Amino acid sequence: MLSAVSASVAESILPKTGALGTLVARLKHTLPDLPYDYNALEPYISADIMKLHHQKHHQTYVNNLNAAEEQLAEAMHKDNINQIIKLQPVLKFNGGGHINHSIFWEVLSPNGGGEPTGDLMHIITRDFGSFDRMKEELTNVTVAIQGSGWGWLGYNPNSFRLRVAALPNQDPLQPTTGLIPLFGIDVWEHAYYLQYKNVRPDYVKAIWNIVNWNAVSERLAAAKQCS
């Protein structure tokens, strides 16, 4: 049986062309293209950071995930329970890194920033009182993460409400908490240190200038259909 994270990666990123086990065995995960140039998010995120973050760090998660899934398929074929269990942390870390970053690139835009509109703004106001209160809450929990991790705005498909959450390392939001990810802020040092040094709050503050609210709204609409 595939881990929850491995299954989530395959279901959310790869095309559905057959049984999950067959799909994982035949296809490899690939690094998604950015929807903008590496320098497009300047001055908020530098081209050097974006290139390193995308080409090196995200690519590493993809490579390691593919390798781990090949090892998992072999272990399953051999019914090697010890090896299957041993691979779970590797799948969670690299699968989560691939999921998280694939979302991250999409919810940023050189034409972003400002405030959302329509249904997204209505639900934010309903669940947090105001956009500014949501922004403050997400900023605070993200800045406060000890070490590396992610701050998230997610949708709870059971209560039909938005929630803010913070997770360590590359833990993926949905398999970990049940929340469907709408917008995430990466606070691993490789996401900001070349430009912001150790001043994480300045980086998190800058992110709000490049949020792609159209993409976040689309993710909310899709999440509501899954409820």
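Keep in mind that glycine also has a Cβ here, set from the backbone N, Cα and C atoms.
Where the annotation comes from TrEMBL, it is an automatic prediction and has not been curated.
Annotated features, as they stand in TrEMBL:
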| type | residues | note |
| --- | --- | --- |
| BINDING | H53, H101, D186, H190 | Mn(2+) binding site |
| DOMAIN | 28-109 | domain 'Manganese/iron superoxide dismutase N-terminal' |
| DOMAIN | 116-219 | domain 'Manganese/iron superoxide dismutase C-terminal' |
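For the binding-site residues H101, H190, counting C-beta atoms within 10 A of each C-beta gives the highest total at H101. Averaged over the domain 'Manganese/iron superoxide dismutase N-terminal' (28-109), the predicted model reaches a pLDDT of 97.
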